[in-house]
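Written below as structure tokens is the structure these notes are about.
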Amino acid sequence: MAPGNGSFVTEFILLGLTNQPDLQLPLFFLFLGMYMVTVLGNLGLITLIALNSHLHTPMYFFLFNLSFIDLCYSSVFTPKMLINFISKKNIISYVGCMTQLYFFSFFIISEIYVLTSMAYDRYVAICKPLLYNVVMSPKVCSSLMLASYLMAFSGAMAHTGCMLRLTFCDANTINHYFCDILPLLQLSCTSTYVSELEMFIVVGINIIVPSLTIFVSYGLILTNILHISSTEGRSKAFSTCSSHIIAVSLFFGSGAFMYLKPPSAVSMDEGKISSVFYTNMVPMMNPLIYSLRNKDIRLALRKTLSMRQF
């Protein structure tokens, strides 16, 4: 019996992404490649921003934190996922499962609020350029990041706390590749009403409120861009924001599809495919999206490489 939660289950079995044997090895190499790109891309951005003083601005301060979160976030479940592709029985302990759930919740909520802060930063930069240095002062940026981590901490504690109070009797097979909220709720042999209510409230707050903030920010940005007389100026402003819009749409869209409907209406097979986007694709794509079209990052990369040659 797991201590303190009244559960008879001491370990869970993860079914993984698919139960087809022929796909296990190809998927192992596919997700290993994605994880390597994720780690190298995010570590590369963190290093470039840290080493280049011209990138010590609010925009890159948030991007530094986003890369750090993506690096930690993908490392919460991807190594276990890779092991599961090549092992015969995919077991995770009860404590390991709850720990994975906590850190997954913490980093995903952190990412939501960092993306929201980045949208606000772009709004101030484009719509209030003369006030930018005042509005986005180091104190304000630090406060926004602290608030992001505090929201993440409270959300993760709420999710994990509600899960710990549930009882798991005999069923211990999780139809997923990591310990997510919805497949765990389906295994409980006690009422999940409070946990479902908590999930809707916490997820609703952490998706709807930031989504509206981002939507309003980019609505105002778009209006401002359309009033720029210079074609070059419009193109530059839109280019700065388009990468962020792509990342946000992919992240929030897949997350909302998974969590903003009742557990009974969620197909776990559909849910697993949807979760691949926000658990694997987004952390991998963020460094590519923010670096390939960014002149400052390309300049920093050239400077860093030229310094290493000497």
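Placed from the backbone N, Cα and C atoms, the Cβ positions cover glycine too.
Listed features, source TrEMBL:
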| type | residues | note |
| --- | --- | --- |
| TRANSMEM | 27-51 | transmembrane segment |
| DOMAIN | 41-290 | domain 'G-protein coupled receptors family 1 profile' |
| TRANSMEM | 58-79 | transmembrane segment |
| TRANSMEM | 91-109 | transmembrane segment |
| TRANSMEM | 130-151 | transmembrane segment |
| TRANSMEM | 200-225 | transmembrane segment |
| TRANSMEM | 237-260 | transmembrane segment |
| TRANSMEM | 272-292 | transmembrane segment |
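Of the candidate ranges 58-79, 91-109, 130-151, 200-225, 58-79 contributes the most Cβ pairs within a distance under 8 Å of the transmembrane segment (272-292). Only pairs six or more apart in sequence are counted, and the transmembrane segment (58-79) with the transmembrane segment (200-225) gives fewer than three Cβ pairs under 8 Å, not enough to call it a contact. Looking at the domain 'G-protein coupled receptors family 1 profile' (41-290) alone, the prediction's average pLDDT is 85.
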